[in-house]
Amino acid sequence: MQAQGSQSNVGSLRSNCSDNSLPNNHVMMHCDESSGSPHSEHNDYSYEKTNLESTASNSREHRDNQLSRLKSEEYVVPKNQRRGLLPQLAIIPEFKDARDYPPMMKKMIVFLIAFSSMMGPMGTSIIFPAINSITTEFKTSVIMVNVSIGVYLLSLGVFPLWWSSLSELEGRRTTYITSFALLFAFNIGSALAPDINSFIALRMLCGAASASVQSVGAGTVADLYISEDRGKNLSYYYLGPLLAPLLSPIFGSLLVNRWPWRSTQWFMVILSGCNVILLTVLLPETLRKQDSKGAIAQILAERRIQVDNNERGEIQEDYQRGEDETDRIENQVATLSTEKHNYVGEVRDQDSLDLESHSSPNTYDGRAGETQLQRIYTEASRSLYEYQLDDSGIDATTAQVTRIRSTDPKLARSIRENSLRKLQTNLEEQVKKVLSSNGGEIAPKQVSAVRKVWDTFFVYFIKPLKSLHFLEYPPVALAITFSAISFSTVYFVNMTVEYKYSRPPYNFKPLYIGLLYIPNSVTYFFASIYGGRWVDMLLKRYKEKYGILAPEARISWNVVTSVISFPIALLIFGWCLDKKCHWVTPLIGTALFGYAAMMTIGATLSYLVDSLPGKGATGVALNNLIRQILAATAVFVTTPMLNGMGTGWAFTMLAFIVLGASSVLIILKKHGDYWRENYDLQKLYDKID
């Protein structure tokens, strides 16, 4: 009886332990030790071992599939078609779409760009511990040495406008290699400068050369990652320009403690030289052909299409009732377009994914009339498309039509017919104007050399200034305002640390002053890594809840914590120095400051890139322009402000400025979606292009 009972228990145990949900080759007994099975522990181990082996096998297979892309013609651009300067020297192939790179390769490119982005800010701060030595050797004043720092910062802010434009015309790789090769040469000049005037001039050129990555770097990250993964990787990239001002005084103090001040410049020569080699060998071209003007226009059009779905459906029904009459007008417009194509040949599709859709000097070969006609007919096509989908289609080439809505079919049909007639009339007038201005010839056979030189000069030097029009877009202007104010406080803090700790009652040597930047460097690093993940999580959560990606989702509790911490950190730092507290206590303020600054700057940078589809590098260039102007101002006014107001009250004023500026984040959070849906961003893009 006992044996039978035992067999019955075992049978029951087997029945309870079988897992029919597993595949046949993975079915195992998996029971608790209390069940009394002598093989349960062994089976648990076998099950876990099988799972681990399966996971490892899948991981290896996934990695092999990722690496196989490097040799696949489906992903890789042929060697003879690769873009950029010296593409044959790059060991990493160019992909047809930069977002198809394996994850580890994307990370490597991001960290390479982050390393490059350290060059500019490091060149500024590395001479902080050497200011007194430079003053002594050149027999000049501290103010003149500060001028060399200020002009460096100004050029670091102004020149990204041109570098970002060059990167969109010639590609990222060409821009990086050219700029850092120039930086290498100018750093040699700075190390050999015979007097303060030449030193100031060469420092300005160094700032201009190192400025490329300050704007193009964010564009490179946008090339590689979709919006949901962009915040985290932008934070990795932004470690470079934000950690450099904090780490470079440490390097500078170590160098000045052992060698003369010129060693700081020779250190920059070595660093920039290594960077040129790394960029040449490891950086492929990442500028996406998929981000052409046509693709960007499609994205913006889709945004506007989503705004008024219900009304659009009603209007489409009304338009259908009046189809016979309106088709006649549309056919007349289409006939004009056909005649134009017969006259000048086939016009490239504006939605082409070819990189040549970007403007370049080659497009200015005397075919100005043809280009103008292409623009007119492209705008006309877009207007017709908008009229078919939405009654609010307002075109750049036509007189603005009052936005009238009606549920009366006859009135709606009349409004649409009138709008289309205006479009037809304006189109005919503009075509006649272009043809008459060119004497009936669209493509003159010969173009003067002077005109070609002027066109090239315009594209590379004048046209980048048009990017200032982006400041007309409220989300861009507001985000840049807060980002610039936050960034300028970094230089107020850095200059104050060097100024106050080198004087009584502290009297620190340059080596120890450099080490004082460690607390905020640590919190910078922490906030950069986890802050980027935080903003990506917020964006994904918003998409899961509402089904769309909204840049405003990046501004949430992450920014609230930093806005609260920011003024507190400045007050602790300023008043502890003012009251001559123990040297450690002001560093509590700098540590908290590092977290607050990085969290806000990182979130606003991600927001800025997401707000300008396909123009992230240009947006970041504008951001750099404004923030570096304020940073240069901080360099010039910090010492007089500390002497005139006292450290405590000076940083109290800064705390209130930051607190007041944070109100723009509330405005962005509340009204960002309204501007995104109602502002015609495509018109702004057309104005810049």
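Keep in mind that glycine also has a Cβ here, set from the backbone N, Cα and C atoms.
Quantities reported herein were computed from a predicted structural model and do not represent experimental measurements.
Taken straight from Swiss-Prot:
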REGION    1-73  region 'Disordered'
TOPO_DOM  1-108  topological domain 'Extracellular'
COMPBIAS  1-24  compositional bias 'Polar residues'
TRANSMEM  109-131  transmembrane segment
TRANSMEM  140-163  transmembrane segment
TOPO_DOM  164-175  topological domain 'Extracellular'
TRANSMEM  176-193  transmembrane segment
TRANSMEM  236-256  transmembrane segment
TOPO_DOM  257-265  topological domain 'Extracellular'
TRANSMEM  266-283  transmembrane segment
MOD_RES   S436  phosphoserine
TRANSMEM  476-493  transmembrane segment
TOPO_DOM  494-510  topological domain 'Extracellular'
TRANSMEM  511-532  transmembrane segment
TRANSMEM  559-577  transmembrane segment
TOPO_DOM  578-586  topological domain 'Extracellular'
TRANSMEM  587-609  transmembrane segment
TRANSMEM  625-642  transmembrane segment
TOPO_DOM  643-648  topological domain 'Extracellular'
TRANSMEM  649-668  transmembrane segment
Across the topological domain 'Extracellular' (643-648), average pLDDT on the 0 to 100 scale: 90
Contact ranking winner - 176-193, 476-493, 649-668 against the transmembrane segment (625-642), Cβ under 8 Å: 476-493
Segment proximity, the transmembrane segment (236-256) to the transmembrane segment (511-532), 3 or more C-beta pairs under 8 Å: yes
Within the topological domain 'Extracellular' (643-648), residues counted as helix, strand or coil by DSSP: 5 helix, 0 strand, 1 coil
Recorded stretch that, among 140-163, 236-256, 266-283, 559-577, has the most CB pairs under 8 Å to the transmembrane segment (587-609): 559-577
Other parts of the chain folded back onto the topological domain 'Extracellular' (643-648), taken as Cβ under 8 Å at six or more residues beyond its ends: 496, 500, 574-575, 577-579
Long-range Cβ neighbours of the transmembrane segment (476-493) (under 8 Å; 6 or more residues past either end): 153, 242, 245, 470, 520, 566, 570, 573, 590, 593, 597, 600-601, 604-605, 607-608, 611-612, 619, 622-623, 626-627, 629-631, 633-635, 638, 651, 654, 657-658, 661-662, 664-665, 667-668
